[in-house]
Structure formats: structure tokens, C-alpha cells
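Per Swiss-Prot, the features are as follows:
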type	residues	note
BINDING	129, 169, 175, 176, 208, 210, 215, 241, 242, 243, 284, 298	ATP 1 binding site
BINDING	284, 298	Mg(2+) 1 binding site
BINDING	298, 300	Mn(2+) 2 binding site
BINDING	298, 300	Mg(2+) 2 binding site
BINDING	820, 832	Mn(2+) 3 binding site
BINDING	820, 832	Mg(2+) 3 binding site
BINDING	832, 834	Mn(2+) 4 binding site
DOMAIN	930-1062	domain 'MGS-like'
REGION	1-401	region 'Carboxyphosphate synthetic domain'
REGION	402-546	region 'Oligomerization domain'
REGION	547-929	region 'Carbamoyl phosphate synthetic domain'
REGION	930-1062	region 'Allosteric domain'
């Protein structure tokens, strides 16, 4: 059926900020969908609150609204734009839930707006646990014994009836939010209560656990003519019981017999047809490893995280096809863009193995609960492609950018047998390394299977790699063993370690004997049809399929997996760098390992290499492509860390030189530059021993800021207020050494700001200064920021501009850089300089209209700022005021302290823009899901040193009609100052009392918590327990008084003053 001509304008709802469970995959799918709709001639209106995405670029849709994803806000845009239809199935769970909420308000019926793609009834049937169970039973498809409940009492009664373990699955949530496995009555009571609160329809499915079954996923497409096809079958390494987003996943399935595959395939197609889904959908199934029995787990009636993985694993662009199906086209009339000759109805065939491994945030949160279950905890993922499961898995481990570079973990090596068995039985994010360690200690496949329930085939893959380690170690410099090792994915670094050599020695031996990788094409059809996809992976098997073109080429290094401190913002910069290179006539080549992102869409660059971002893999691509050079400024710390090694091997680093990159990051060299330019910076000392750090802190006087050098996202950075706290910090971060010094800085309390600048060596352009709303001490990634600045004088802005220019020229910056300042008493202090793109690039690019990554790329390639039409100094400021607000995922991570400090904790961001600061703040808070009633109850739990500062804030809350709740000390202080305060008892005072602080939170009496009790790092401290309870109960929480002040500004703007005349 040809595309529809009765609709002209389509609204696409984006997925909002990145949180655990909903990461960059929706930027990728949303971007694809918008471009596909525009290709077909439709006018596209996009609504999304996330400025960090390619999707919210003005080139992606005809109209782009970066506005809060709330019913009010989206309804206002609908009334302004009058779209003919809305496409909600590409914005993750947020997009789906928004469509359902809009339908309930009646606006869609009132304005005759149609929902494209899967119909509302189908979405409800798939998402509503009870309706879905009834459908499966009607179709004769098996589901685990289960019951939908709306109260904790019903959950407990059903638990007693069917026995434990039990899985709780809240309705209409994503990433397993609020769910979990319960082994007893108490666990079920707690998880069911939490799940009911987090479900938008207060409903949970309680089902008998089938943990231990194989978990299989099918990515399925269907059109309105009932053509349906399987894009990809994926098999989880981990059995059922661990959320698929936290599981290692292989594609194609590795252990299914043809009979099992056809049985599960038929079930998936039967489900998508019965649900009448139009577009892409993900079917999750559980297969008994010992029989042909299976159960249907769930269907996601939308494009999902797995769809992004399936698209990259097969080369089949699911979101693009889903968008075309939504406008009435059928699979037999849509061309497959990979082959250009076959149609979209052909099921992809794979002649390689893909392995996905999740990337977890526990390097940032060492005290978090790391046990994996049905609630997702990973922030991102990596994917690798090889000819064998071993090769794909090894390459995926190398892509993770964690301490472990292969299957050997020093921590696992030190563990006792008991500890290893514990780790195998209760899976954590690092279980793979403990599996390998168990095999090194002689555990049999049967022993390990008994402990883990992981399929024997996958265990054999891990065991084979451990056996290969022994063979490599026993045969140093043996060429046959080297060939075999490379075939199974062992890196030069690992082989060098086993041979007690340097990686360069292994590389030289390899190259001298012609043991070099070939690059194979990902073509969706296992080479059955002619294909010209510029999408490659390396292997040591077969012929090379990547041919060097005659054009001059430049390699852009991506930023790897999404993690805290290095998010989708860096992918945004990578993609824009590619665009600039293409406009200048270069062949733009991307190397990256992240399946969720736009940069790994093969249609974005001229050539895509899906490879680990290690020195070895990047050098191998350089050896083949012989580029003009490599750009490292846009891939975050990942690419910067590769610069020195690449240069050492003769690869040209374009833009700022390696020597100058080092001068910015090396503390002593940087101090010299600051001194020579007569600039201010907080006094700081460097120490390489425990005693040295203690002495430095005494010399500077507390509080001090302590951190390791060379870090991203403020990792292991803390403000320390006493000797005891410093001792604890050093105990937690014991790896101080000559080459790992600790920096100790005088902590300056002032206004912090961020500047992104572009320099060509003569001219320095400052697109804008972003003022942080929180005082110094909160990491810039966790601070709210406003542009243009609201409290800086012209004189201060001039000083900031002057210092930026001096530093850019002194550091010989060529390209982009980021500087952070503290402004105190009119003086400007330099905190740090990052000689690369920062996470504020997308935000600032969108509000100033200066495509910073593109401008910087042109500078890197030799085009001056003047030639591009830019003048020296600060760019003119727009009339609109824009606020960037961080978004956190604390509800997904138990035991992570939500107190904000110099270590970054946010996973995403939103933006609010308007003509006044208060309105921009209101939109930013709304986008970050911090919408408060016009009057309500605020709980204040405040450090003694903050008591004076809280007084004006408390008075302002009282003036707009808020009731104030506080514990004894704060309450007495506020009462003395003529404020009416409701007294609550402390956490450990009378735990049964109705007015105990935790019971007040549990009973839903509190609308907002302001808690500044942050410097006790213990998990049983009052401050920590109150914060945890606020997060569990979904109560907005602030830990910085500046944020409370900003929130008040937005609330006051909505309220009317009621002041007596007398």
C-alpha cells in the first residue's frame, strides 16, 4: 500500500533525558524516524526535552521544540501546530506513556489527531499485564502463573498461594523500574509497594519466577497488510532473572536447535499479529533448557534498546522501517537501504557473531548495591563483532573501558573460593571475570553450571578462553599460537602480559609476519546479494573487504559506551565533526563501539568501523586507511587518552598537539602557565603519598577538594571537611603513587561557570558563558546552568573572556576547549581546562545557533575563524534565557548517595527556555520531573553550618503557602525567627511514631525534601537514610540550597503574593 496522502504534518514525541533504562538508543531511533518521514515528504514537528541529542537538531525536523515532556506542555504545542497525526512509538516508554496520557485528556479526539503506528488498544493490550496474559491464554501461548494486583495485600496473598521466588513487574514502566525478584514475604511486601507507586496505573503483575530458563529475544516487524518478519534473534548469556539490559547478549542465538528456533519464531509472529502491532516490536521469551517448554515474558510494542542493538547487529534500520510502516507503506515496497536491491521483507542473515556487554556505573558508585536482578542498572553498552563467540566476547570486554582489559581481574584473582562461589550464585556486574577465575582454579563446567544456571555452551566459550591463556603463556613468540590467539580475539596487550613483553613487541612481531586483521562488511544478507554498506568489523579470518578510496580521509574517534561523566553529548559532537568533514570534501571515517548511538549509524559517516576504542584497534584501522590524521577532540576522555599512543606510532593528531594536550592536563605544567600569565587559581598542592596528602590538607586548611589527576566526570573527587573524612577518602582510594598523584586544592566557595571556546591560534571565539546555579563544589555536570549569565557584571564577563583568550593562546589550542571558573568577589579563578569538547557543546550550540563542533572541526582542518565569519571574543547573547538541569537515576541504584558534590552522578539533562529566568527555570524543573504543587509541605533537614542560609528560603516557602516540617534543631532555630514549623521526630528517635520523619515520607505527606546533611559517608546516617527514603517514595529531593532558591523563583512566579498592608 503506498504511503498515505491524507496526512501532511506529523508530530514525533522524543524520549526525554537519558536515564538508566532509556539511553541513547532513542536518540538514534528518533533521528532515523524523523529523517525517514521527511524523506517521504511529510512536515515533521519534534517535541523532546533533551538538548544533548542529534534528534533535537534543527536539521532533523521541520520544527523542533525543546520543551518539557508533560501533558500540559505537549498539549500547548499540539494546539499551536495542529498536527494531523502523532507518532509515539519511537520515544521509548516516555513517548508511549505520553500518547496514552494525551488520549485520556480528550485532546486527540477533540482535534481529530490520529496516533500512527501501533494503535492505542494494541499498546494497552501489550503493556497492561492482565490484558496481555489473557491474550496469551486465548492464543494458547504459555505464560508463567501470575496475577495482576493493585494492593500489597493482594500481592502477598498470591505469593502465599504459588510460593517463592516471585517476580514483580510494574505496568507501564521501563528498564524494570520498581520490579524485582522476591525470595520471601518481606521482600515481596517492600518491592510490591514500591512497584505500585512507580506504575502510572498503580498496577503490578506478580508472577512465578522462571529464573534459570534461557532468555531469548526476537525483534519483529509487521505492517498494516499483516506482512511480518523477524529482523534478529538474540540470546542472553545470563539466564532469565537478570534484566536483558544488564545481560550479556549474543546474536544470532548460539544454543537454539532449529526446532526450538522455529517454535519461538512462530510464537513471536503469532503475538505481533494478534496484537496488530504496526512497526517494530520486541518479544521476550523464556525457554526451559531441558525441554521444549517455554513461556512468554513480555512484548514491548515499540522500538526499544534491543531494536537499536538489532539494527546495528544486522545493519537493518528498524526505526526507519517502523516510521515508513506507520505512514501506511508495506514491507514489500520499502527498499532495504543496505543492499539497495532487496526489499525490507527479506529477513537479515548473519555470517558473524555479535556480542553486547552492558556498561555499569559502579566505578563511580563503589558503595552501590551491585547485585543484578530484574531492575536495570547499566547506563550504556558496547557491541563487538567477530567470526566466533570467543572473538566477539573478547572484543566487547576490550571495548568497556574498565580496569579489566581481558577476562583476568586482579580482584577476582585475590578472592577466596567461597567469595567466588558467592559471586557466581548472586550475579553482579563483574560475574564474567569470576567465571573465568573459577575455571582457572579448576572448577568443572558442571560445577559452574550448577552455581549459575548459565548454558553449558556459553560456559565452554569462557573456559576455552581461559585454556587459550595457558597455551599462549606456555609458548612465547610462537607464531602459530599468535595466529590462533588473534583469531579468538586476544589483544596484543593481553598476549604481551602473558609473554612478559611490551604490547609494541607483539605488534611488531605480528606485522613482520603478516598477521594483520582483515575488515569484513556488515551487509544484512550474509553476502548473498551485492552490497555496498560502508560498515566494517575486524577479524583474523578470510579476505579484506574494506578498500581504501582515492579521497583524502580523516578518522574521528567516538566516545565509546554511555557512562556517567561521558554521555550522549560526546556522540553529538562526533556526528557534527563528521558532517563538517564531509562538507569540506573529506572522507569521514568513524571508529566507535556503542550500538545505541547516531555515530554508529552507517549512513552518517563515509565509513564506519565498529571496533573497541583501544590503541591496537585504532592503529590497525590507521594502517589500512592511511588517513590525513585523526581527530580526538570530540570523543571525551576516551579519545584524548589515545592521542599520545597514536602519535608515538606516527599517526598525526589533528588540532591541538599531544604536547599541548598534556600541558593542560599535567598539574605542574599547567600551574606554570597560570603563573606566567598572572592568572588566579585556587591554591593547590600535589601529593604522591598518604602522609603527603594529609600534610597538604593541613597546610591549606579545611575544607579541601581532593581528586586524582587525569579524570573525567569528577571521578573520585570529594570536598573533605575534616581529618577523619580525609582518612576515609584515602582508605577508599588507596592507589596513590608517583604516576597517580592526588591533587589537594583549597576549596573556594563562589559562583562557578563554564566556558566553551574555539581557537584557531590567533582568534578565540567564546560562543557563551554558562553560569552555574549551584555554588562551587557541585560537579558542573550535576549543576543547573543558565545562559546568558544572570548575576555576572559586564566587568566579570570581560575578565572571563580575557582569561579564556590568554589560556587558549598560551596552550596553543587549535579547535575546541572548555574552561571552568569560580567567580568570587569580582575576581575570576581558573579551576580547570579541558582541551577537548565538553558535555555542554550541544546545549550551547542549540541556543546560540553556533554549531560548535562543526566550527571547531573546520578550524582543526585549517580554516580560520575569520574565514568562517566569526570575530574574536564573546558572541552576542540572545534574548531567550535557557536553563540546563541535570536528571538523575537514583531510583534504579540502591545505596547510591544522592547528595551532590564534586563527583558527577547525573545520567542526563533537560533544557528550559523562555523570555524570563523564572519561566526558563520552571520549564527546566518540569522537564526534570520536579513539578511541585503551588502549595504543599516541605521538609527541611539542614546541617548546622547551613542554618543561617536556610532562614530566608524557609520564609519564602511560608509566604507562598507551604507548610514547613523540620526536626528539632532546625525547627527550634526557625521558630525563634517567627516561623510556624511542624515538628517531626528524627530517624532513630521513635521509629513507630506517626510523626517520625520516615513515616511522614512513607505516608505521602511531604512534597519536597531539602536535605544538606551530606558529609557523613556512612549508610546508616540520618542524612543518607532520609535521602534514600525520599527517592524510594518518589519525593523531589534537593541537596543544595542554591537549587532550592532557583526552585522558589519558579514557584513564586506562579503564585500570587498575599502580603498584609500592615
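Numbering starts at 1 and runs along the chain as it is shown here.
The backbone N, Cα and C atoms fix where each Cβ goes, and this holds for glycine too.
Positions of Swiss-Prot features highlighted on the structure.
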{"residue": "129", "record": "ATP 1 binding site", "contacts (Cβ under 8 Å, 6+ apart)": "146, 148, 169, 171, 203, 204, 205"}
{"residue": "208", "record": "ATP 1 binding site", "contacts (Cβ under 8 Å, 6+ apart)": "144, 145, 146, 162, 163, 166, 167"}
{"residue": "215", "record": "ATP 1 binding site", "contacts (Cβ under 8 Å, 6+ apart)": "235, 236, 238, 239, 240, 244, 247, 284, 285, 286, 297"}
{"residue": "242", "record": "ATP 1 binding site", "contacts (Cβ under 8 Å, 6+ apart)": "236, 372, 373, 374, 427"}
{"residue": "298", "record": "Mg(2+) 1 binding site", "contacts (Cβ under 8 Å, 6+ apart)": "126, 132, 169, 284"}
{"residue": "300", "record": "Mn(2+) 2 binding site", "contacts (Cβ under 8 Å, 6+ apart)": "126, 281, 282, 284, 306"}
{"residue": "820", "record": "Mn(2+) 3 binding site", "contacts (Cβ under 8 Å, 6+ apart)": "752, 753, 754, 755, 780, 830, 831, 832, 833"}
{"residue": "834", "record": "Mn(2+) 4 binding site", "contacts (Cβ under 8 Å, 6+ apart)": "664, 817, 818, 819"}
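Neighbour counts of Cβ atoms within 10 Å were taken for the binding-site residues 284, 832; the minimum is at 832. According to DSSP, residue 242 (ATP 1 binding site) is assigned to coil rather than to any helix or strand.
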